[in-house]
Amino acid sequence: MDIALAVTVGGLYAAGIYMMLRRSVVKLLIGLGLLSHAANLLIFTAGGIVRGRVPVVPTGQSQPIAEIADPLPQALILTAIVISFAVLAFALVLIYRTYQTLGTDDLDQLKATDT
Amino acid sequence: MNSQLAVILPIAVPLATMAISLLAWKSIAAQKWIGCTGSVLLFVSAAALMWLVDRDDIIVLQVGRWPAPFGITLVADRLSAIMVMLAGLVMLSVTVYSLATIDDRRVDYGFFPLIHLLLMGVCGAFLTGDLFNLYVWFEVMLIASFVLLTLGGERGQLEGAIKYVALNLISSAAFLAAIGVIYAATGTLNMADLAVKLRSFPDEGIVTVLAMLFLIAFGTKAAVFPLFFWLPASYHTPPVAVSAIFAGLLTKVGVYSLIRAFTLLFVTDLAFTHNLLLLIAGLTMVTGVFGAMAQSEIRRILSFHIVSQIGYMLMGLALFTPLALAGSVFYIIHHIVVKTNLFLIGGIAERRFGSGKLSDIGGLQQSMPVLAILFFLSAMSLAGIPPLSGFFAKLTLIRGGLETERYAIVTAALLVSLLTLFSMTKIWAEAFWKLAPEDARSASPAIFASRHNRFALFGPIVMLVSITVGIGLLAGPVMKVSYAAAEQLLDPDTYVDAVLPDRLQIEPDRWQIENDLTQHAPTTNRDPTPDRESIAVGQMTPVLEEAFQ
């Protein structure tokens, strides 16, 4: 399972970086989305994968009986998903406005503010 | 005032100001009043924090009374307090300045709530003691800065914003990945706990890989050598007040995180990490200043100077001696004051002629002699001419470099400060010295006519210039504060002890033993001192109850 997830993470990173290297702004944005998904999945995989054990301590015990799924990475991912969702929504509006104002979606054309 | 309350105030005050000014969404005048009051309160609370930290060394607040490393920790050590204090100062001057320069349309779209949101993120990043919270504060700061950068929707702004957004999101993704890997390796995200665990981590290679991931993530935010391209592409596009607050604060959050990470967490392989930092510092200085020399627009020149001066701040960190690190802290203090000020002055020049291009403007020395003096003092301070603040900052760094016999970086630093002087002279000669071009749009708009506006424009600049001169004249006390901050940074144990007073219990094997023991017999191996006892799980100090009584 770990291997499959690790390969998926690698694939997502590769696809994300490939998309970001394209000239279209939309593809840049898709690439950023893939990149943040890759990071989330990386946290999930790195946090350790345990099948079907909830992190609940039974009554009368001071610690869980068997190995449990660590809830912290999931909490981290949840926060990160919300944040990246908000940021991507902003970026979508931004590229739409940019396209309206500049009339192009080609990153090579956006160099008026460069040095 | 309760000292733990002081730690949360720099975050709570901007939050409250933002909420209240959102309620006054319809009224521009009310938003301006609320914005200014909020900035004054933020400055006062930052000053109070500074005073309390100077008294108590480190103030720790365990939010929700969960003991570290399980809960959220807010820590204010000397460096954090200095940074929060500077944030308050920048915020105060920029808010006053924006009263005259931000047009009503931008205020209408929420300029004041947004800068307070930005400040909440900045102060949160300075005060947090937890890596994931640092990420969240970064994002709070970023989303506010995205909107501030695009507010108004002009062509240049949108174009600059695409680059700014894309590169900052990439660095956020790298930061998030680094957090995931460091959690997998150590099982904690609390910085004090990490400091302990990384020190005795069995595999040094993984620690170095982590250090590099954090270097990329924070380095992009700080605009260090190969990762700085978003900065000169975007910082000159928004209105001057926004540019100034970005220039003063945002990159410094990255620098602060680098200093925190490379003094507290990654200090096991100094030969590799800190030599790499030194190389990056040198290249950042040189490329930044060459970029600045090639430019011919005030704010673009100043943007490239930010990059070159980030190099100085890293230089002190990379040399890693108390003197050099004190130089870094001093440099940050000096730089935030001077750079904000130069942007504000550049803004007035731009306003006067309707353009920032050096070829379109001139003759400011005759038409605005006061502005000329103020610019001269700040520019000389940036270049490091005694007796202004920049001189002492550079002197300390260079002495730190000579002490450790790193002559290459010392040469680079001296050369770069000469070139800085050169490009400052260029602005001086073109904008102030030469006669105004024939076809210059000598638009002296109504903005300079009213006394209110003149106060709003020149008040902050005069204040910041007098601080630069003041730091120069009173370099001794400021140096003492910086030195104390540097010594504290180089002694991570005090930080760890402050955050984890019950450190031994929390180490995993001890934790296990303790749990076993408590089931059979009364505990014997606990430290009996009451303050330690009281922070053990289950019976925590009623911090917040005290705070609200």
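Every residue, even glycine, has its Cβ placed from backbone N, Cα and C.
Quantities reported herein were computed from a predicted structural model and do not represent experimental measurements.
Here is what TrEMBL records for this protein:
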type	residues	note
TRANSMEM	B:6-25	transmembrane segment
TRANSMEM	B:32-53	transmembrane segment
TRANSMEM	B:79-102	transmembrane segment
TRANSMEM	B:109-128	transmembrane segment
DOMAIN	B:129-420	domain 'NADH:quinone oxidoreductase/Mrp antiporter transmembrane'
TRANSMEM	B:134-152	transmembrane segment
TRANSMEM	B:205-228	transmembrane segment
TRANSMEM	B:240-259	transmembrane segment
TRANSMEM	B:271-292	transmembrane segment
TRANSMEM	B:312-333	transmembrane segment
TRANSMEM	B:370-395	transmembrane segment
TRANSMEM	B:407-429	transmembrane segment
TRANSMEM	B:455-475	transmembrane segment
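Among residues of the same chain six or more beyond the transmembrane segment (B:79-102), those with a C-beta under 8 A of the stretch's C-beta atoms are 10, 32, 35-36, 38-40, 42-47, 49-50, 53-54, 111-112, 115, 119, 122-123, 126-127, 239-241, 244-245, 248-249, 252, 256, 259-260, 329, 332-333, 336-337, 340-341, 344, 347, 351, 447, 452-453, 456-457, 459-461, 463-464, 467, 481-482, 485, 488-489. Between the transmembrane segment (B:271-292) and the stretches B:6-25, B:240-259, B:370-395, B:407-429, Cβ pairs under 8 Å are most numerous for B:407-429. Long-range contacts of the transmembrane segment (B:312-333) within the same chain: residues 79, 82-83, 86, 222, 224, 252, 255-256, 258-259, 262-263, 270, 274-275, 277-278, 280-282, 284-285, 389, 392-394, 396-397, 399-401, 403-404, 406, 409, 413, 471, 478-479, 482-483, 485-487, 489-490, each at least 6 residues beyond the stretch ends and with a Cβ under 8 Å from a Cβ of the stretch. Counting C-beta pairs under 8 angstroms (sequence separation of 6 or more), the transmembrane segment (B:109-128) reaches the transmembrane segment (B:6-25) with 3 or more such pairs. B:407-429 is the stretch from B:6-25, B:32-53, B:407-429 with the greatest number of Cβ pairs below 8 Å to the transmembrane segment (B:370-395). For the transmembrane segment (B:407-429), same-chain residues at least 6 beyond its ends with a Cβ under 8 Å from one of its own Cβ atoms are 278, 281-282, 285-286, 288-290, 292-293, 295, 298, 301, 305, 308, 311-312, 315, 318-319, 358, 375-376, 379-380, 382-385, 394, 397-398, 401.
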